[in-house]
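These notes concern the structure reproduced below.
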Amino acid sequence: MGKEKTHINIVVIGHVDSGKSTTTGHLIYKLGGIDKRVIERFEKEAAEMNKRSFKYAWVLDKLKAERERGITIDIALWKFETTKYYCTVIDAPGHRDFIKNMITGTSQADCAVLIIDSTTGGFEAGISKDGQTREHALLAFTLGVKQMICCCNKMDATTPKYSKARYDEIVKEVSSYLKKVGYNPDKIHFVPISGFEGDNMIERSTNLDWYKGPTLLEALDLINEPKRPSDKPLRLPLQDVYKIGGIGTVPVGRVETGVIKPGMVVTFGPTGLTTEVKSVEMHHEALQEALPGDNVGFNVKNVAVKDLKRGYVASGSKDDPAKEAASFTSQVIIMNHPGQIGNGYAPVLDCHTSHIAVKFAELVTKIDRRSGKELEKEPKFLKNGDAGMVKMVPTKPMVVETFSQYPPLGRFAVRDMRQTVAVGVIKSVEKKDPTGAKVTKAAAKKK
């Protein structure tokens with residue numbers, strides 16, 4: 001078998017008709033875990049429905065439809081393998097909740113694949129002021145997705161077909177935009193492809209022999225291997241807390257940083273409750289330690305279910321334990337708010353697993369969202385497209401961290417009127433020390 005390949009997460013972004021589904025479907029179809037029988041069934045259905053354009057989007061449409069109907073799709077269907085990596089495609093962004101998911105992210109993407117429609121009119125629509133290309137790229141960068149591959153898609157439909165001139169024009173324009181966002185275009189591969197015909201997806205295309213760079217598959221193999229933050233202090237935001245007969249209280253969540261293991265003394269923020277971890281389980285198997293990315297349940301002693309809630313964060317009691325945030329200052333980008341936002345605005349913040357109302361206590365500065373330079377001190381308000389530094393105060397106890405130290409606990413979505421109206425990253429946190437926090441006997445013994 002040899003060493004198992006590294007797992008990486010990829011987020012596919014781009015304008016609505018750029019061909020994201022077709023391209024992703026194609027990769028999954030050719031390299032992925034979709035059972036041949038399933039494919040044959042899809043192909044037959046596609047033929048019956050006269051969908052000549054079946055190719056690959058159909059695969060993804062079927063998967064999505066089944067997923068949305070609540071049929072649990074084997075997640076392997078969203079995976080494919082390159083020579084070097086196991087790749088998982090995280091939430092394709094056609095989804096309403098894409099932005100929220102990308103932030104509270106079940107997983108941080110290691111690389112964004114930006115799909116561009118190269119056809120006449122298609123490219124212009126995607127990159128225009130209202131197009132999603134810009135917003136997605138800005139979001140990816142703000143949320144710390146530092147690597148990117150850019151696919152100039154639909155090269156089979158440019159005028160003339162497979163036009164080098166069109167490719168060059170697009171690379172020039174997209175590079176200048178990505179540079180403004182903060183990416184370094186010299187480090188980005190621009191791969192001319194056809195997700196539909198398959199040019200340069202996996203094999204080199206003779207139609208594009210003027211292009212000397214990597215195919216999409218090769219570009220994926222050139223992604224820098226991500227470093228997983230297991231050497232940082234533990235942060236494990238709770239998703240749920242169960243009471244299990246004969247075992248006791250079992251909090252469940254995903255290790256974001258650090259490790260958790262049996263025998264450890266953990267402190268839960270924001271309350272400061274401290275106790276010993278008896279056992280750690282993943283998929284019903286006991287673990288000696290759980291690492292970042294692992295979804296685990298762990299059993300704690302002498303703790304009632306009511307003492308823990310979703311959004312609490314487990315941490316090592318001696319290693320920078322998680323504490324309540326009295327206030328925090330964040331860089332916020334306003335995305336789709338119809339009016340203007342001033343001091344006193346009180347939306348809901350989705351940060352890691354917590355969902356808590358906060359107050360915009362003070363608009364500190366308005367900044368240029370690309371360069372980060374200050375434009376104005378203490379602005380009266382922020383509106384769509386603006387970025388600013390904002391001091392926020394939670395209305396209930398909550399744990400947040402700075403983005404630089406604990407990224408998954410330092411990025412958030414601002415929700416109001418049932419949509420994401422802003423995104424932000426936390427620059428500094430003023431923490432409160434817990435008063436009268438309970439320390440269980442098991443933990444006291446360990447001290």
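Positions of Cβ are set from backbone N, Cα and C atoms, glycine also.
Small disclaimer: the values here were computed from a predicted structure and weren't measured.
Taken from Swiss-Prot as is:
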type	residues	note
DOMAIN	5-230	domain 'tr-type G'
REGION	14-21	region 'G1'
BINDING	14-21, 91-95, 153-156	GTP binding site
MOD_RES	K55	N6,N6-dimethyllysine
REGION	70-74	region 'G2'
MOD_RES	K79	N6,N6,N6-trimethyllysine
REGION	91-94	region 'G3'
REGION	153-156	region 'G4'
MOD_RES	K187	N6,N6,N6-trimethyllysine
MOD_RES	K261	N6-methyllysine
MOD_RES	E289	5-glutamyl glycerylphosphorylethanolamine
MOD_RES	K306	N6,N6,N6-trimethyllysine
MOD_RES	E362	5-glutamyl glycerylphosphorylethanolamine
MOD_RES	K396	N6,N6,N6-trimethyllysine
(request) Going by Cα-Cα distance, pick out whichever of the binding-site residues G14, D17, K20, M155 is nearest to E362 (5-glutamyl glycerylphosphorylethanolamine). (result) G14
(request) Please average pLDDT over the region 'G3' (91-94) for the predicted structure. (result) 52
(message) With DSSP assignments reduced to helix, strand and coil, which class does E362 (5-glutamyl glycerylphosphorylethanolamine) get?
(response) strand
(request) Just name the most isolated of the modified residues K261, K306, going by other Cβ atoms within 10 Å of its Cβ. (result) K306
(request) Looking only at C-alpha atoms, tell me how far K396 (N6,N6,N6-trimethyllysine) is from G14 (GTP binding site), rounded to the nearest Å. (result) 37
(message) Tell me the Cα distance separating G14 (GTP binding site) from K306 (N6,N6,N6-trimethyllysine), rounded to the nearest angstrom.
(response) 43
(message) As a test of the contact definition, list every same-chain residue at least 6 positions from M155 (GTP binding site) whose Cβ is closer than 8 Å to its Cβ.
(response) S118, K161, Y162, S163, R166, Y167, P192, I193, S194, D199, N200, N207, L208
(request) Could you round the CA separation between K187 (N6,N6,N6-trimethyllysine) and D17 (GTP binding site) to a whole angstrom and send it over? (result) 26
(message) Among all protein chains shown, how many Cβ atoms are found within 10 Å of the Cβ of G14 (GTP binding site), not counting that one?
(response) 27
(message) For each of K20, K79, count the other CB atoms within 10 A of its CB; which of these recorded positions has the top count?
(response) K20
